[in-house]
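S.K.: The structure follows.
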Amino acid sequence: MSDRSRLTGKIADETLIEMSRNSLCDEDNNGFPHDPDDYPQPDASGVDKHQQSKDSVFFRDGKRRIDFILSYVDDRDGERKQERRKEYEANLQKAGLELETEDQSESDDGKTYYVKIHTPWDVLATYADVLKIKVPFKANDIPAHKDIPINWLFTPFRLPNHIMNPEPDYFTSPFNKEKIDFFLIDDKETFFPPSVRNRIVYYILARCAYHKEDSDDKNKKGIKRLLNNGTYGAAFPLHDSRYWKASRDPNSESERFSLYRHWARFLSFFKEQPLNLIRKYYGEKIGIYFAWLGFYTEMLFFAAVVGLICFLYGLFTFDDNIWSKEICSEEIGGNIIMCPLCDKTCGYWKLNSTCNSSWQSHMFDNVGTVFFAIFMGIWVTLFLEFWKRRQARLEYEWDLVDFEEEQQQLQLRPEYEIKCTSRRLNPVTQEMEPYFPAKSQCARTFLSGATVIFWISLIIACIIGVIAYRLAVYAAFASIMKDSPTNNIQMVGSIITPQLATSVTASCINFVIIMILNVMYERVAIWITDMEIPKTHLEYENKLTVKMFLFQFVNYYSSCFYVAFFKGKFVGRPGDYIYMFGWSKLRNEECDPGGCLIELTTQLVIVMAGKQVWGNIQEALVPWLLNWWGSRKARSHPESLYSRWEQDHDLQNFSHLGLFYEYLEMVIQFGFITLFVASFPLAPLLALLNNIIEVRVDAWKFTTQFRRPVAAKAHSIGAWQEILNGVAVFSVVTNAFIVAFTSDMIPRLVYMYAYSPGNDLSMKGYINNSLSVFNISGFSEENRPDDGESPEWFNSSVITTCRYRDYRYPPGHEKQYTHTMQFWHILAAKLAFIIIMEHVVFMVKFFVAWMIPDVPAEVKARVKRERYLIQEYLHNYEVENLKIQLSHRNDDCSSNPVDYPDIRRREVLSECL
């Protein structure tokens, strides 16, 4: 094999290395022969399954570990499937894998075959070299962290050390099959952990062909296609034990049981997560997700505390809320007659009918809200910067420092290799590689973009439909509730108003539409991403991430954006109202005299809380019900008849996009608590409570309800990091606009400092100042309420004017119904506040980001130490090898000269490492 083939895992145009029988038995394995006679094969017909342990993860000989399971049901009419399986399994054996089949008569349902796969040492070593898997070569000699003085305070939250650190700490180096004695190998059977073994097996399965050698169809490759066409029913690595009980087999690690006991149970919600054990069992990609989720939850604690304090501030300052007192008083609010809120079916109403909503609005619309909006702008920066540091530490501890995305580029998706018929020379590797013609790629990208735009337009159309519903139904609610029939309802009857009823029902309808569109678009997004044929797994995930997030962003946040920035902003004035689309009879909505902030809060609570509750039910209950139903027959079997592979087969499959949905759920939640947090300071608290449950639900789900996922490497959260950065920056803008244009904070401050009567800074008279006057006689027939719609107390001969929310000159003034100077002062103050708040927060954000280094100094020192040791140890290793070669040369003068080119090649490799 050439050096380049050894590095890339490719020989010419082949994607797998064919292992000969001699390579499995040769003596170039450092004294570990692989003779098939070492593993006797008992006759399948003579196996007594009752003698097998229920949790056996080994072949029948009890020596060879099961690294992967393939299952299938042999259909009577499935001759083509039988042929595919025969060729596929023969090619797997050519690749060096060892197979053992469990007959259908031995299965719990009597019809499923199970193919058990074992990977011999030589295959593991070859592909560990290809994939550059890091393995230990020396114990870590850097002193551990010093305990902080108050470390004992965190003792109740700690887990046992053998759970937190299941393996000793080593310095590691990429595995090299030619330098096998350089590494710390005690036992070749256990040197590579099960997560690494199943990753290597899946790499082979994904690239192994199932066509005959003389076949013209070279596209028949990969386990994924065999699963899609029904040749195999499932392919999965095994859990090492039952989750509720440790394995009786002393050779089984029972790490699944340890994870369930110390991590997946809800009673452990206050404990730290065993991230090293999660990484060892599930791989780095899942470990990074739980590390990020745990860190995000920890940081939410601080945001939740500050948000709760701001909420309590609004709750305990009711007595200082002068404008709400004026609205509720009979002398002021009871004597202010408001103009109708819709045409024909809405009558005149008194301002004090909005008393309850005014008090509710004060809990969220106060000075504390401004402080909290600024605080969250800084908090989100601290969260992202400190996560970078935590991630850098994990990269070092989990041997991901040198894990570059270029390594992933070498691992093309099998689907890409199959569908790309063209070849071109790679300027880096100087090998022929598949590629997709630019013209075809552009056409696919254009079609994909058009599809995304179409679906986003569909969401906007649905939102417009919900807005039309709000406009149409409000009039109906106003007509029904004009005599306050809801007051007869106990507890909540007095607070139900037409505005509240419209807002709640519209939010619920919007939530249902969101859920339906989500289900539909997920399938479309996967389809169009598959159609684009991304080159690598990383590129596939990034493309899907962008499509899904764009859609979800519009789907979840569009209704909140409407309430925050459009409702009540373009309504016109009495006698000159603005209608939806200009020609319809649906008049644009107005805000309550207390502002639209309470409606934004209602919308946010319903969508955010509804999504979280629905998500947890979907994540926990659905898999549990499916597993309960699927294993109903097997539960009646004796313990020894329900084998480890059958137990795992009855669990739910964890798809390759499973982790993608977990990230998506949390990033959407992150948007809710940052983009609109100025309207609801309790949002971080709701997110914190949800995430405490989410961590344990996800842990329980992974440990008990899903098959063991194939281990995968990842050194970061990927494209989600940039999305979080974008949301963090955008949140500063949205919160500044919410405080300025959605809340009443700026108009109140302008009134208090510029327009309040007297010398004292008081809010007395604010309500009367904020309402303009309109002459009822100016209503046209289209706007005037129908007979009988106005309440009984309204007498048109006595009441000649009504009030509306705006700053306009009164009737009779030379500039009647045009904006007053106070309106322009308030607008200028709003724009000034936005500019000042954005600049202050952005300056603090950038300063904090500059002050906090992405990589801790300690981690940098450890990385340098490890690189130095690798160079030193490799140098000594090469020197010792050279001495041995020279000694052999001196002992045998007739031998060939020393192979200097080989020494020079080793030196080059040493310098590269």
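Numbering starts at 1 and runs along the chain as displayed.
Quick reminder: no glycine exception, Cβ is built from N, Cα and C everywhere.
No curator has checked TrEMBL annotations; they are predicted automatically.
According to TrEMBL:
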type	residues	note
REGION	19-55	region 'Disordered'
COILED	78-105	coiled coil
DOMAIN	278-866	domain 'Anoctamin transmembrane'
TRANSMEM	289-316	transmembrane segment
TRANSMEM	367-387	transmembrane segment
TRANSMEM	452-480	transmembrane segment
TRANSMEM	500-521	transmembrane segment
TRANSMEM	670-693	transmembrane segment
TRANSMEM	723-742	transmembrane segment
TRANSMEM	831-852	transmembrane segment
S.K.: Go through the chain and flag residues at least 6 beyond the ends of the transmembrane segment (367-387) whose CB is under 8 A from any CB in it; none is fine as an answer.
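M.R.: Counting only partners 6 or more residues beyond its ends, the transmembrane segment (367-387) has Cβ contacts under 8 Å with 292, 295-296, 299, 302-303, 306-307, 309-311, 313-314, 673-674, 677-679, 681, 684, 721, 724-725, 728, 731-732, 735-736, 738-739, 743, 745, 837, 840-841, 844-845, 848-849, 852, 854.
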S.K.: Give the nonlocal contacts of the transmembrane segment (723-742) in its own chain as ranges (CB under 8 Å, at least six residues past its ends).
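M.R.: Beyond its ends, the transmembrane segment (723-742) has Cβ neighbours at 369-370, 373, 376-377, 380-381, 384, 545, 549, 563-565, 569, 595-597, 600, 667, 670-671, 674-679, 830-831, 833-834, 837-838, 841-842, 845.
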S.K.: State the residues, same chain only, that lie 6 or more residues beyond the ends of the transmembrane segment (500-521) and have a CB under 8 A from a CB inside it; answer 'none' if no residue qualifies.
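M.R.: Apart from its flanks, the transmembrane segment (500-521) reaches 357, 455, 458-459, 462-463, 466, 469-470, 473-474, 477, 481, 548, 551-552, 555-556, 559, 599, 602-603, 606-607, 610-611, 614.
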S.K.: Restricting to the coiled coil (78-105), report the mean pLDDT as a whole number.
M.R.: 89
